[in-house]
Amino acid sequence: MSRSIVRQSKFRHVFGQTVKAEQGYDDIRVSKVTWDSSFCAVNPKFLAVIVESSGGGAFLVLPLSKSGRVDKNYPLVIGHSGPVLDIDWCPHDDNILASCSEDCTAMVWQIPDRSLTSPISDPIVILEGHSKRVGIVTWHPTARNILLTAGSDNLIIIWNVGTGEPLITMEDHPDLIYSISWNRNGSLFCTTCKDRRLRVCDPRKREVVAERLAPHEGIRPMRAIFTRDGNIFTTGFTRMSQRELGLWDPTNFEEPIALLELDTSNGVLLPYYDADANMVYLCGKGDSSIRYFEITDEPPYVHYLSTFSSKEPQRGMGFMPKRGVDVSKCEIARLFKLLDKKCEPITMTVPRKSDLFQDDLYPDTAGPEPAMEAEEWLNGRDEDPILVSMRGGYVAPKNRELKVAKKNMLDSRPTTRHRYLLTIKKKNDSYICKCSFLLILSFN
């Protein structure tokens, strides 16, 4: 008599649940820009959402505790002259946020701990180096102040935001870059491109160390992320426009470790990776569901776990770092689903009867302290993230101000002041009034 064997996994019964209505965020005018970005970024302190704005680009930053209806006059972060395309919180400072825009610039912002009382329009640093719109911005996982940007000029620029200077420029991509993902220690990153190639790049050598043509045979956009083991997880489309996921070994791109067809839909699948649980959450734009998978060393290597479904389609998604989950409720992930005019948090929970801390669910996770300085990374040093314990829950450190060592390019530009000089002279028996215009330039 044959007996089916069920795979043992502590994540097999993970279930998703939308929080109560009053714990969501309502009346948010989510951006309608046609760009395959998540439009949302979240950390243990703040929720940031790219929103509709007249006269330039803007995004909304809310403390996580400020749930409920958002006032229509709530102050925004406004500094870009074109629509904002991507935002990313710094992994080493929960008050620092990077943004990029159609105005060809990236900006770094310091967000105060309190709720905003007035709009923020002055970034800490403005990064100018791209000639076309900048669509991707992502922080280095372990080195302080290292930021990567990619634009429609097919350039990848790595910056030291502590000085406001570009460190590395790569011109290896002949077409539009769809996605970029650092590996765990930040020594490499992988990219997907419109030329249908998956590339692994060593930024300090300024070279592509591995590449694969058409990991997915379709021509629709692909996404790729590094896993903690150094493999690459990809999403894309088949030649018949079916959505597909794959797992690849970058040292041997000939055959995939796993390749799995999912369904037929137009939305690009955005992968969100939990390195501690080795799980991937797939969120398609326009979908009303989130599928999640576990990656293991056993065939078929990528195991389907379950699907969380809701009624309304998602416009974007934010993924909370493990530091921000509630360990007392066995919550292993929290996603923030963007709808047309609101944001709904979704909790992913492992059902457990005990109220004690679950060591097997919460290994030490990446903390907020950088493992090295920017100069050390540039000189060839590699370090894994500094880990912190989740026992007792995570307490966010106090706000630390980011100091830029060198002045921004804009700081050296002259500031202009206008003054008028009124002079009155007596000539013969009449008075002559003369108004002079003075232009005063002052340099900081």
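Any Cβ shown, glycine's included, is placed from N, Cα and C.
Predicted automatically and left uncurated, TrEMBL annotations should be read as such.
Sequence annotations record features per position, and here TrEMBL assigns domain 'DUF1899' to 4-68.
Positions annotated as repeat 'WD' by TrEMBL: 77-119 (among others). Taken residue by residue, the repeat 'WD' (77-119) breaks down under DSSP into 0 helix, 22 strand, 21 coil.
Tertiary neighbourhood of the repeat 'WD' (127-169): same-chain residues 35, 37, 82, 85-92, 98-108, 175-177, 179-182, 184-186, 189, 191, 201, 203-204, 206, 366, 370-374, 376-378, 383-386, 402-409, selected by CB-CB distance under 8 Å and a gap of 6+ residues from either end. TrEMBL lists 127-169 (among others) with the feature repeat 'WD'.
Summed and averaged per residue, pLDDT over the domain 'DUF1899' (4-68) gives 92.
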